[in-house]
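Below is one structure, written out as structure tokens, with a few remarks after it.
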Amino acid sequence: MPVRILKPRTPGTRFFSYPSFEEITTDKPEKSLLVPNKSTGGRNNNGRVTSRHMGGGHKRYYRIIDFKRNKDGIPAKVATIEYDPNRTARIALLSYADGEKRYILAPNGIKVGDLIECGPEADIKVGNALPLKNIPVGIEVHNIEMRPGKGGQMARSAGSYAVLVAKEGDYATLKMPSGELRKVRVECKATVGVIGNLEHENLSLGKAGRSRWLGIRPQTRGMAMNPVDHPMGGGEGKSKSGGGRKHPKSPWGQKSKGLKTRKRKKASSKLIVRRRDSKK
């Protein structure tokens, strides 16, 4: 998927780049797999902001995606490859031999007319989903389950994948996109291949308005606020912690910039062999 760059005829097109969409085969989604998607604006049921910097944006329908890939032994043909406004990856519409239609995350290299299947007996082929115990070591996988039968939860965004580095006993070891080494039960399913839309990370929105179209509101630095609005607000000049306080904090008073926020007693911590690589 090449990235297209416009000539800087206006300030909004000077830094703007967008995908070519050449892999998209239709602009009409499957109606039976669409559900309304009401925007919350970052508010909970009490009307209070629980997720900042959210609101506005274009209306969207949610596409029901098959993350479980549980139609074992039934072959399917790729009918279309479509754009999904709710995620960075493209989606593929599968038409199964029994007549059912389902959306899946479109792997890189998949084409209309390709045959795809899932289950323990499936071939090691891009787009096929099978348990980790049936996948050879060294294969790149995506849409990985954390618990058997729960559906894929890891490596689902554009261009992401994990590498199966080892299998020992009841667990398989995966190198995640973050660099983390993590154990997962060998009964968990994963899909072979890399998620498509690889050039997504090279795109530039070009102007603030395009960010608003996506439902993303502006972010204001805590240092630029007043003390009543943020723990890091106030002070004379650019005081890092605001008004002489010792450590930078989040808007709710939790220490930020260096503090580990993962729960110490989380059960799945024992499955992490090595923490993710630090971003330097």
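Backbone N, Cα and C define each Cβ position, glycine as well.
The compositional bias 'Polar residues' feature in Swiss-Prot is assigned to 37-49. When DSSP labels each residue, the compositional bias 'Polar residues' (37-49) comes out as 0 helix, 2 strand, 11 coil, counted as helix, strand and coil in that order.
According to Swiss-Prot, the compositional bias 'Gly residues' annotation covers 232-242.
Proximity of distant same-chain residues to the compositional bias 'Basic residues' (257-280), defined by a Cβ-Cβ separation under 8 Å and at least 6 residues beyond the stretch ends, is recorded for 146, 171, 173, 176, 178-184, 247-248. Annotation comment: Swiss-Prot describes 257-280 as compositional bias 'Basic residues'.
Through the fold, the region 'Disordered' (32-54) approaches residues 60-64, 86, 93, 101-103, 215-219, 251 of its own chain, all at least 6 residues removed from its boundaries and within a Cβ separation under 8 Å. If you look up Swiss-Prot, you'll see 32-54 (among others) marked as region 'Disordered'.
The region 'Disordered' feature in Swiss-Prot is assigned to 221-280 (among others).
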